[in-house]
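Okay, so here's the structure we're looking at.
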Amino acid sequence: LVTPAVPTGKYIASTQRPDGTWRKQRRVKEGYVPQEEVPVYENKYVKFFKSKPELPPGLSPEASAQAGRPDDATLSKAAKRNLKRKEKRKQQQEKGEHEADGLIQALEKSSLSGGAGDKDPPGASELAAPQPACGAHGDASTLEKSRKIKNLRKKLRQVEELQQRLDSGDIKQPTKEQLEKLGRRKALQEELQELERDL
């Protein structure tokens, strides 16, 4: 009786495919390296450039480590401007935080000192309401007002252009929307005047 020879060597175990079927186990030669594990070939130029430091020619690694922040003399005008802006923003944020803390403390004091049984005179609620005239709140409110003023001026310009086109005869039959826009002219002017007075 002859027994079949058992093949010797290395085997890759059977694996399951994404669709659920199975791959057979495979026998491979000694020293086989799977394709995924084979290192990518790099020619001598690629190896040379990878081995080079990423510093400018002539600059030693010690000198680059010592240079933390560049001097003002080495910075361009734009870089200097950007640094100044960043510092200014930091100062404004710190200033805004301090003013906000002061405002909160003032509000707490005023709310604690106010009597519960007193009847306020008419119009006292407007006087007692805190006016955001300083700090971050003041900047935000003035910024918002300036945006509104800009938008109102733009709308007024559009209304004036529409009126000129009607007067010159470019528009024979104005639409409903155009007539409404012309009708809002006085209200826009009044609102603009109020905002400019507040600013």
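Cβ coordinates come from backbone N, Cα and C, glycine included.
Given the structure is predicted, the values throughout are model-derived calculations rather than measurements.
The feature compositional bias 'Basic residues' is assigned by TrEMBL to 78-89. Among the features that TrEMBL reports, compositional bias 'Basic and acidic residues' is placed at 90-101, 161-182. Marked as domain 'WIBG Mago-binding' by TrEMBL: 8-34. Taken from TrEMBL, the feature region 'Disordered' applies to 1-28, 51-149, 161-186.
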>> Is it possible to list how many residues within the compositional bias 'Basic and acidic residues' (90-101) are helical, extended or coil according to DSSP?
In response: 12 helix, 0 strand, 0 coil
> What are the helix, strand and coil residue counts for the compositional bias 'Basic residues' (78-89) according to DSSP?
Replying inline: 12 helix, 0 strand, 0 coil
>> Give me the DSSP three-state residue breakdown of the domain 'WIBG Mago-binding' (8-34), ordered helix, strand, coil.
In response: 0 helix, 8 strand, 19 coil
> When DSSP states are grouped into helix, strand and coil, how many residues of the compositional bias 'Basic and acidic residues' (161-182) land in each?
Replying inline: 15 helix, 0 strand, 7 coil
>> For the domain 'WIBG Mago-binding' (8-34), what's the mean pLDDT in this predicted model?
In response: 87
